[in-house]
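Undergrad: Mind looking over this structure? Questions follow.
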């Protein structure tokens, strides 16, 4: 009798584990749709801004504000999610908010409107990210690197399709930037379908956790890692500067190609990002997050140095490919490392704090990059290279 009950409990636990692991794929497909939508917009956003009168500082402002707004919300939403032990409602609200502001961005006709609505669109990311990542970490606790790698691979596969669609719409249908953004907004609303099937891990609300206690209870190693991540973020300014660098170089060669080729290079970046996200996540499960992150930060520094001094038509292909590899090394593994270093009851708070600190530094990062660009583009990328390599070396001391 006891054995039979034990077997039934084991079977029930296995079924629950399978249900939870499905969450990773459902959230991955949600990310696929969202990034298809977002990445139809992202490669053309810097061109949209410059076409309506914005300059490098405008690009720096929108690049910084987008990350600042999204990340500043994450610690508060993460804390609220831990407090009430609810994840899914915040995830749904986040994706819905993003889609609504994409729609308004598509109706915008000025650089100021592009800055405002593009920045507010990232509120959605700030609302959904920490609770979503907490669901992933609770669904695959023994293989976090693989879990976040799967989510990141879906995310980036959607990005490849989205930026490819953007390129095809321009090449063959001659759609305007605004038309492409409106189509992207419609796709964004489709993210709500797979979210319906996500199941939360049941757990009681934790009224004992206050915001201050949640932050105070974070381990010293985690706080140190978040500090180093902030230093790295100062080097990791907006992707738009990489597209702008390629566009300005190609303008000398062919004005028409200066629009098409940067989008194609951005697709190449996403292909390498998607291809290596899961392998590098699995690698971090085996050899440790810190080792993989150190390599990622240093590779990013080398890429930034390449954009400063080794620009040619052929080198742009190599540099955008390495840019994708660098992101595959550090993007998902940063979140996995934060999850490793935090307990389950404060995990969303820890992830939220990580994103918020990163967000606070992303605004000055892109503004500094925009200011340095006015001196020379080389200065922007040299600054990024030095800080990234320093960050990689600092990880060795955790």
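Placement of Cβ uses the backbone N, Cα and C atoms for every residue, glycine included.
Pulled these features from Swiss-Prot for this protein:
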| type | residues | note |
| --- | --- | --- |
| TRANSMEM | 43-65 | transmembrane segment |
| TRANSMEM | 89-108 | transmembrane segment |
| TRANSMEM | 156-173 | transmembrane segment |
| TRANSMEM | 180-198 | transmembrane segment |
| TRANSMEM | 224-246 | transmembrane segment |
| TRANSMEM | 259-281 | transmembrane segment |
| TRANSMEM | 291-311 | transmembrane segment |
| TRANSMEM | 316-338 | transmembrane segment |
| TRANSMEM | 351-373 | transmembrane segment |
| TRANSMEM | 380-397 | transmembrane segment |
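Could you place these features in context, so I can see how deep they sit and what lies close by?
TA: Counting same-chain residues at least six beyond the ends of the transmembrane segment (43-65), those with a Cβ under 8 angstroms from any Cβ of the stretch are 109-111, 114-115, 118-119, 122, 163, 166-167, 170, 177, 180-181, 237-241, 243-244, 247, 259, 262-263, 266-267, 362-371, 373-374.
Same-chain residues lying 6+ beyond the ends of the transmembrane segment (89-108) with a Cβ under 8 Å from its Cβ atoms: 27, 30, 34, 37-38, 41, 77, 80-81, 114, 116-118, 120-132, 135, 178-179, 181-182, 184-185, 188-189, 191-192, 195, 198.
Proximity of distant same-chain residues to the transmembrane segment (180-198), defined by a Cβ-Cβ separation under 8 Å and at least 6 residues beyond the stretch ends, is recorded for 22-23, 26-27, 29-30, 33-34, 36-38, 40-41, 44, 88, 91-92, 95-96, 98-99, 102-103, 105-107, 135, 162, 166, 169-170.
Long-range contacts of the transmembrane segment (224-246) within its own chain (CB-CB distance under 8 A, at least 6 residues past either end) are made by residues 42-43, 45-47, 50, 56, 59-60, 62-64, 66-67, 261-262, 265-266, 297, 300-301, 304, 307, 311, 316, 320, 323, 330, 334, 337-338, 341, 353-354, 357-358, 360-362, 364-366, 368-370, 373, 377, 380-381, 383-388, 390-392, 394-395, 398.
Tertiary neighbourhood of the transmembrane segment (259-281): same-chain residues 39, 42-44, 47, 145-150, 152-153, 155-157, 159-160, 163-164, 166-167, 170-171, 239, 243, 246-247, 250, 292, 296, 316-317, 320-325, 327-329, 331-333, 336, selected by CB-CB distance under 8 Å and a gap of 6+ residues from either end.
Sequence-distant neighbours of the transmembrane segment (316-338) (same chain, 6+ residues past either end, Cβ-Cβ under 8 Å): 133, 137, 144-145, 147-149, 151-152, 222, 225-226, 229, 232, 242, 246, 249, 261, 265-266, 268-277, 279-281, 284, 289-290, 292-293, 295-297, 299-300, 302-303, 306-307, 310, 350-351, 354.
Note on the transmembrane segment (380-397): residues 225, 228-229, 231-232, 234-237, 241, 245, 290, 293-298, 300-302, 304-305, 307-308, 368-369, 372-373 of its chain, located 6 or more positions outside it, place their CB under 8 angstroms from a CB of the stretch.
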